Amino acid sequence: MPSTSRAGSLKDPDVAELFFRDDPEKLFSDLREIGHGSFGAVYFAHDARTSEVVAIKKMSYSGKQSNEKWQDIIKEVKFLQRIQHPNSIEYKGCYLREHTAWLVMEYCLGSASDLLEVHKKPLQEIEIAAITHGALQGLAYLHSHNLIHRDIKAGNILLTEPGQVKLADFGSASIVSPANSFVGTPYWMAPEVILAMDEGQYDGKVDVWSLGITCVELAERKPPLFNMNAMSALYHIAQNESPTLQSTEWSDYFRNFVDSCLHKIPQDRPTSDELLKHMFVLRERPETVLIDLIQRTKDAVRELDNLQYRKMKKLLFQEAHNGPAVETQEEDEEQEHGVGRTGTVNSIGSNQSIPSMSISASSQSSSVNSLPDASDDKSELDMMEGDHTVMSNSSVIHLKPEEENYPEEPDPRTRPSEPQSPPQVSRHKSHYRNREHFATIRTASLVTRQIQEHEQDSELREQMSGYKRMRRQHQKQLMALENKLKAEMDEHRLRLDKDLETQRNNFAAEIEKLVKKHQAAMEKELKLMANEEKKFQQHIQAQQKKELNSFLESQKREYKLRKEQLKEELNENQSTPKKEKQEWLSKQKENFQHFQAEEEANLLRRQRQYLELECRRFKRRMLLSRHNLEQDLVREELNKRQTQKDLEHAMLLRQHESMQELEFRHLNTIQRMRCELIKLQHQTELTNQLEYNKRRERELRRKHVMEVRQQPKSLKSKELQIKKQFQDTCKIQTRQYKALRNHLLKSTPKNEHKAVLKRLKEEQTRKLAILAEQYDHSINEMLSTQALRLDEAQEAECQVLKMQLQQELELLNAYQSKIKMQAEAQHEREIRELEQRVSLRRALLEQKIEEEMLALQNERTERIRSLLERQAREIEAFDSESMRLGFSNMILSNLSPEAFSHSYPGASGWSHNPTGGPGPHWGHPMAGPPQAWGHPMQGGPQPWGHPSGSVQGVSRGSTMGVRNSPQALRRTASGGRTEQGMSRSTSVTSQISNGSHMSYT
């Protein structure tokens, strides 16, 4: 539930279901106050529905800090609803009425501290073991559910009629473990709780420490440092050694158990589960040890209440017969009895810094619960008290069960002369019936004294409550600041992560855009290459067709010309017969036609070879051009990735610096606030100590003034006592004088009687004068002695008080100095740890950057390697195919763009790198341009009449054919392939990285 909700508001359904809506005043009757504390009061009551006896703890949530009180009530109710164990108090419900919460629980007889209060002596070891065992079982249950009680003491360990031990008062409990609140009762508080805000968190082992202190309390009637101011006790616990059992009569098991519980370092302290296995609680003991103890205590309570009753009857009887002027021995006796009953008060009270706590360890509850948790005597449940206590505003009349039914009946054992009481049997039945409803181990005087102290010591309680409130407020401020800075840090980290993610997304989009651009460029280039190849092939075919037509026309002309020449030759040679001429002419024509057919076939073959060769060359050049383009695109993409990675790493370093600066600023802010809060806390502690010193001195002065005022009465009493002694002496002397006179008168003659009487009279007068002088001297000596003794006693008390207060002030200064040193050491440690974390984070970041750069470089190398390998495989496959088709690599790679431009206009422009890269990709140019197809043979064939010309022409054609044959291609390529392969494999990465293309020539 949010702390800002109004106190008592039930709008939140989670809160509303914690409380019953019935009117508690109609459900519970016969309410009798049986305990009191800063939280409110505890009442005995009957449940009208079931006639069950219950205890009701009334807690107001109005007035100052109402919201905090309301939150504490909610927390306690939630805690009680969560627990269910035989050794924890049974919760029955909670009701709301007029800004007061009625917390209903099972009724118990009283607390372990009530046992000490009644018997005025420590418990036996087996009794302590039994109580401790039950408390440990309850603590083990709480700790197993990550719950912490935080206020274990004898006053919060209750006992039931069957001897069951119950843990009670969960107003200080914590629902989470570990916790870090300043909560508990000072004398029982563990060191880590006192230093919670300064040194960190604590867990259920704080209850183990409190249990150890409780064992000391049960063994010595009060906890350690109980004669010290509560605030001073806190400082002492925080910085001094752990307490131990003082007496040597206790067993080694008990001593070891207490020492184990009171280990100063929590890590060395055993858990509640481990302590359940300790021999101190496992040793064999009578099962009825607690039942017997409770019965003895109930009997003692009955006797004490009977004694009070008899005193009251005696006072009333004396007033009725002798008037109110009866003082002396009875009064003194009553005072002595009062001292006996409240021995803890009188023996400790003068040194007790918190008078409200000076009753006994049980009432000693300036419980430092977080605020109203501070149930002073949250013997909440002791609540559960005994004989009927009839409350009338501030007066309390505590009646025995018998007296409730027979108010005028005297005790037959102490007043035998009184009238006969009703039959004993009926009285026992009545007593049993009332005990069944309101059995208790608390005396009426304890309840009355508790209420009176609560009314009187509000100033001290308010000071402690204010100190606890301040500590809790400081903790809230520090937690609020830490949460604020944590939120700021998370927001800053999210912003940086968002910036980094945005940059990465932008980079990814840029890379994706670049890849798509490259894909489009590659597709465009492939289409362009296909078109260029088609155009190139068409251009060569058109040129060859033109050359073929020209060649055929030339052959026709040559044929016609040759035919005419042959005719002329035949006409000139008249001697040859006509038939022979015709035969010779036909044969010449046939030879010439055959020669022309061969020439045409050779031309077509050469054209086909040339077309295939040039197309193969063109394809190879296109392949190399595509490879160059791929290299350019890959290089551009890799360079882009490198640039992006550099920018990303620069941003990571900037973000690291930004986070480092923010972390140091936050740490400085927290440490500065912590120092301010410690300074304010120390100032408050010093102010409280000085106020406490003034109050102690004021109380001592008031006491001395009262002693001085009461001195005349005391002197008058002593003077009357001396006067009485003098009167007794005078009476004795008078009797002696009369006896001597009678004796002398009998033994002396009658005529001498007058002289004897005169002499005796003078002797008597002289002795009375001496006695009067002694009386005056005794009075004067008594007056001077008493005044001197009073002055000396008061001066000694002043000196003792000053020394004690000075020691407490020095203890406070030492504690504060230690806290300051610890805070400084903690701050230095935090700065050192932050520097280590930052440097480690920087080293990890630099390592990550280095790894990413190495991974990027490896990726770059792998991309280039795989690209070049793929391109090499493509070139090799192309060259293998070319070799299979009969083309040599040398021939394919020895065509210069200039030579190519003669036969293919526009090709030279295409041969340039499409991406603007370096020009020459194709290896070595050819030695010279190819001969025009229109002049296949220099000089032409010889006239048909000269066969040598034809032979020469054929030999040239055959030479051309041999040069273009697969065998020749293989021979020319055999010497250069290894060299080319080597040139491809060298400096692959550097060439692409530097922007140069690889040529596979």
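Every residue gets a Cβ built from N, Cα and C, even glycine.
Some features that Swiss-Prot has for this protein:
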type	residues	note
ACT_SITE	D151	active site, proton acceptor
BINDING	I34, G35, H36, G37, S38, F39, G40, A41, V42, K57	ATP binding site
COILED	458-651	coiled coil
COILED	754-877	coiled coil
COMPBIAS	350-370	compositional bias 'Low complexity'
COMPBIAS	375-388	compositional bias 'Basic and acidic residues'
COMPBIAS	577-586	compositional bias 'Basic and acidic residues'
COMPBIAS	921-930	compositional bias 'Low complexity'
COMPBIAS	949-967	compositional bias 'Polar residues'
COMPBIAS	975-1001	compositional bias 'Polar residues'
DOMAIN	28-281	domain 'Protein kinase'
REGION	324-435	region 'Disordered'
REGION	567-586	region 'Disordered'
REGION	911-1001	region 'Disordered'
Inquiry  = Could you tell me the mean pLDDT the prediction assigns to the coiled coil (754-877)?
reply    = 87
Inquiry  = Taking DSSP as the reference, which of helix, strand or coil describes V42 (ATP binding site)?
reply    = strand
Message = Taking 10 A as the limit, how many CB atoms besides its own sit near the CB of G40 (ATP binding site)?
response = 22
Request  = Could you measure between G40 (ATP binding site) and D151 (active site, proton acceptor) for me? Cα positions, answer in whole angstrom.
outcome  = 17
Remark   = The rounded CA-CA distance in Å from H36 (ATP binding site) to the residue listed as 'active site, proton acceptor' is 17
Assigned element (helix, strand, coil) containing I34 (ATP binding site), judged by DSSP = strand
Note = DSSP assigns the residues of the region 'Disordered' (567-586) as 15 helix, 0 strand, 5 coil
Remark   = If you count the other CB atoms within 10 A of the CB of H36 (ATP binding site), including all protein chains displayed, you should get 24
Ask   = What is the separation, in Å, between the Cα atoms of D151 (active site, proton acceptor) and V42 (ATP binding site)?
value = 18
